[in-house]
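Have a look at the structure below, then the notes.
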Amino acid sequence: MSVTDREAGPPAQSEASRTPSETPGLSLVPYGQGRIRGLDAAELGAHGAAMDRLVALGLPVVPGLTVPADASASLCEPDTARSAVDLVEQLSGRRIGDPTRPLLLRLSASAPTEIAGLPPDLACLGVTPGNASDLCAVIGRAEALHEVWAATVRMIAEYALDVPGAVLDDALLDTPEPRERVEALLALVAQHGSGPFPDDPAQQLALAARALLGRWDSPRARRSRRAQRLPADLAVALHVQALRIGPADHSGHGTAVSRHPETGRLSPQGSFFRGVRRSAPPPHTGEPLEGLAGGTALLEHSLLTLERHLHAPVSVEFEVRDDEISLLAASAQLRPPLRASVCLAADLARDGALGREQAVRRITPAQVQELLHPQLRLTGGEELLVKGLPASPGAATGAVALSSERALELAADGTRVVLVAAETNPADVPGMLASVAVLTGSGGIASHAAVVARGAGKPAVCGAEGLRVDRSAGTVRIGDRVLREGDTVSLDGRTGAVYAGTLSVSVAGPPPELSTLLQWADGIRRLGVRVNADTAAEVSTAVALGAEGVGLCRTEHQFLGERLPLIRRVILAADPTARDEALLALEHAQHEDFRALLAAVGNRPVTVRLLDAPLHEFLPAPGEALDAAEEQRAAALREANPMLGLRGVRLALLHERLYPAQAEALFTAWADVAATGVRPELEVMIPLVSLPEELAAAAAYVRGAADAVAARTGVEVPYRLGTMIETPRAALLAGELAEHAEFFSFGTNDLTQLTYGFSRDDVERQVLANYQERGFLTASPFARLDPHGVGSLIDLAAQRARSVRPGIKLGVCGEHGGDPESIAFCDDLGLDYVSCSAHRVPVARMAAAHSALRERRDESGSTR
Amino acid sequence: MQSAAVDLPDAPDETLTEAVVDLVLRGMWRGRPESEHRPLVDAGLAMVKGPVVLPTERAKATASRILRVAAGSEQEERITAAYEAFLPVNRKIRDVCTAWQCRPDGTVNDHTDSGYDAGVRESLEDVHEAIQPVLRRLERVLAGSGRYLTALEEALDHFDEGSLEWLASPLCDSYHTVWMRLHQELLLVLGISRAQDEAREEELVTRSRD
């Protein structure tokens, strides 16, 4: 157990009862004794408070003391500094200058909370030109000590002895070797300093305190406080820590975090460095924790204890002395990896340390989205070309281009390009900007190429070894494979994997611990979550992601592609016979589609929207009709504004066989699927309704189709009939529409366009950015539901509909169904469900749970 | 740069010399009037690809020749010293940009954590403090290099005023964009390849290993 515990006792308490700074040394608080003296982070600084906590948890800490914030200037007085030296010597059982068991001091500062912009630590006080060689002999290495010593002298020279910074900078540039640096800096102090650089450790400590506080008062530090909105006169506590010097083989320092960044599981991760502690050890000099001669058991115990105490993934710094670990610092990780946070929340709730609601509250919908990043869909048959460094997240697939020139040419034709370069320089930047992803043979995750790729939001893999570009031949060799410009590759900027050919990019499934949290979220939320899905495959994906049903199945695709000639014949038919033949063929094709869809849906609800495409999508391009007569009929049907023209229910009322044919195909498919024991809850939806009469007429078609199917198959298909609410008039006449509808689905994309009078593509290109800059809009109304305009229409429609039909089912099926703020709004209106694209389903589940939890908190708040 | 224009094959005029060097160091021009790039295109030194103007291979070779200082000269030695002081800071600025764009776990930094961002700003201040003496020295031995410090400070000003793209965006003369240009000029001036550059940087950064 640490030395500090032995020091805790009655003498400290009696000291605390006296006024600080009455006598030198009274303002010194050994680690672990702050609480006893009634001090907290405001006086002890975040570091002092953390060390107090470590001692209280029974964890081993390095000996040291705090000079509280209100008394920190007293350490600049030699008497107080002397007392501090004596106290740390006493706490550590060592003496500065002892050649066999040497001791140095480390001075640092901390504010009441974790902030940026604190002065750097002064890491080795007590070294003198006279004892340096003894110290190096004990350590067995010389360079690190001189490096740290030089940094300490540099700071003290500028901030406590008034040597001009530029003079010191020049000396450092001229003398790269650490030992010579110390000599050069000490010579400059002798020449320019306001006083000599002392050998006495207490005098060094007093000057170091003055330097730290001077640095804290510098323009740069003040600027930093302003940027962080911290008080200009914020006071810092100072800490004097023992730096116990030992042989490099058995001593050092290291850092560790409690959880694995990839899996999030509890498993200490970090590294340690032999020799003298440095704030920024040179890269590649760390050793894995497994290399600790004394084992990692104590470290694991410390991390687990801290996690349970702080309810957060934690990080620690530790010292190794004689192969034993003691803690230098510990805190909750400021930005823990997401997987770590999610795993910890699930772990804590499983252990009963947290309630499930609290666990769910800890993970935001945005974090769920972050965890479900797009990735390459792997089936096992892919050809892995190379594995490089994951330099910029995201997955992409595209044609290889080996120069900026070629990348720009291909991209101009609309080709998706992956820029491949052995090394990158500024000439590659235009190519990177034109590409969907970047692959380089050299450079790391902090290379210029990686910085540029991330700056441009492109996935990138860097440092792919063995990549050889031959620009003149137009080829690149990756491993054993030779690819030509134009060949396709796929890459994943999170894993660094590069594959040959085109792979599909899809959303990752939730990791197991997130699935657990989402299940708990399902138990909390009131609002249902469905998916917008058109095909059986999409439905299966969404069900796996937790969708409770299909909120919108668009049937447009059933008429496009190879079926386009059929619907064209329906619309442009010269005579009724041709029309009926085409309709029959269409009905057959749709029947197959519906059967697959309904089988995938299972016993869940599914809302099928009858045809809503604008007429122009079905017309042949000018000059491409079969004959002159058809050309003429097509020309007569072309519209000035197809999105507001013959579309949705309007088309169905002019082409009266369309909806009956669709509905009959749907009901027959239901009867087929029901015969296998599956009973989807069918909801048939009429689009783009503005008049109650339109809905009544369309409803009659659907009823007729159900009767026809019942007559033919003997199966009475159970279904509900409802309508989209996507025009302001429909919202205003919700009461009248509800007389014909058993459910409403708010199509918020169209409702937003028509409420604002915005044509989405046009305003997104020209208007929205400007409006957001002016502050007219805080977000695009197409991304976040406008609560004042569109939202009030929904609110009003819901009220009017419920007054006519109290149990009417209400949902939202625009893109807003996947946006957390819009989801909370829908929840507040008491809608039954939101429906969103498959990859947003987990986000929506979490958002709906957070909305419910917020309401619960509000309610419990108001009852108090 | 004095003797260089003579090496330019077709057009030994100074404007063209400056232009080709600028184009190569920037990697591209966007939104420049045709009057500026037309002479380069005519001289076979630039090509127009849609909205951007790119240097040709010939332009790159020409710029290298123009910029290269005499091998073995005292000037080369002094610039090399500055370059070697530049390299460790070059590693740091890329780490700073990386930290600004990505959190330590590799996820995108969405700038919602002001504490984290403030920490990155601090390390940017460290970089800027460290590069100033290096650039002051470079200016004494490489004509025109003083413009880099000016441009870096302009980028910092924009950044401090809240335009966050001025740290690492490739779409403006951000701190990183200017830095990359400086780096490229040093490589061409000293005739150092990217591979040699990477190796030297690694060596200097990891030199102290005990």
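Any Cβ shown, glycine's included, is placed from N, Cα and C.
What TrEMBL annotates here:
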- A:H448: active site, tele-phosphohistidine intermediate (ACT_SITE)
- A:C813: active site, proton donor (ACT_SITE)
- A:R554, A:R609, A:E726, A:G747, A:T748, A:N749, A:D750: substrate binding site (BINDING)
- A:E726, A:D750: Mg(2+) binding site (BINDING)
- A:14-24: compositional bias 'Polar residues' (COMPBIAS)
- A:416-496: domain 'PEP-utilising enzyme mobile' (DOMAIN)
- A:515-851: domain 'PEP-utilising enzyme C-terminal' (DOMAIN)
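Listed in chain order, the residues near the substrate site other than A:R554, A:R609, A:E726, A:G747, A:T748, A:N749, A:D750 are A:L552, A:D612, A:P687, A:M724, A:S745, A:F746, A:L751, A:C813, A:G814, each with its Cβ within 8 Å of the site Cβ centroid. Neighbour list (A:G747 (substrate binding site), Cβ cut-off 8 Å, at least 6 residues apart, same chain): A:P687, A:M724, A:I725, A:E726, A:C813, A:G814. Around the Cβ of A:T748 (substrate binding site), the same chain contributes A:E726, A:L785, A:V790, A:I794, A:V812, A:C813, A:G814, A:E815, A:H816, A:G817, A:S822, each under 8 angstroms and 6 or more positions distant in sequence. Proximity to chain B (CB-CB distance below 8 Å) holds for none of the recorded positions A:R554, A:E726, A:G747, A:T748, A:C813. The Cβ of A:R554 (substrate binding site) lies under 8 Å from the Cβ of A:N532, A:D534, A:R609, A:D612, each of which sits 6+ residues away along the same chain. With respect to their backbone Cα atoms, A:D750 (substrate binding site) and A:H448 (active site, tele-phosphohistidine intermediate) stand 44 Å from each other.
Counted over every protein chain shown, other Cβ atoms within 10 Å are most numerous around A:E726 among the binding-site residues A:E726, A:D750. With respect to Cβ neighbours within 10 Å, the recorded positions A:H448, A:R609, A:N749, A:C813 differ, and A:N749 shows the lowest count. Taking the Cα atom of each, the residue listed as 'active site, tele-phosphohistidine intermediate' and A:N749 (substrate binding site) are about 41 angstrom apart.
In this entry, A:R554, A:R609, A:E726, A:G747, A:T748, A:N749, A:D750 make up the residues listed for substrate, with the farthest two CA atoms of the set 15 Å from each other. As a summary of secondary structure, the domain 'PEP-utilising enzyme mobile' (A:416-496) carries 17 helix, 29 strand, 35 coil according to DSSP.
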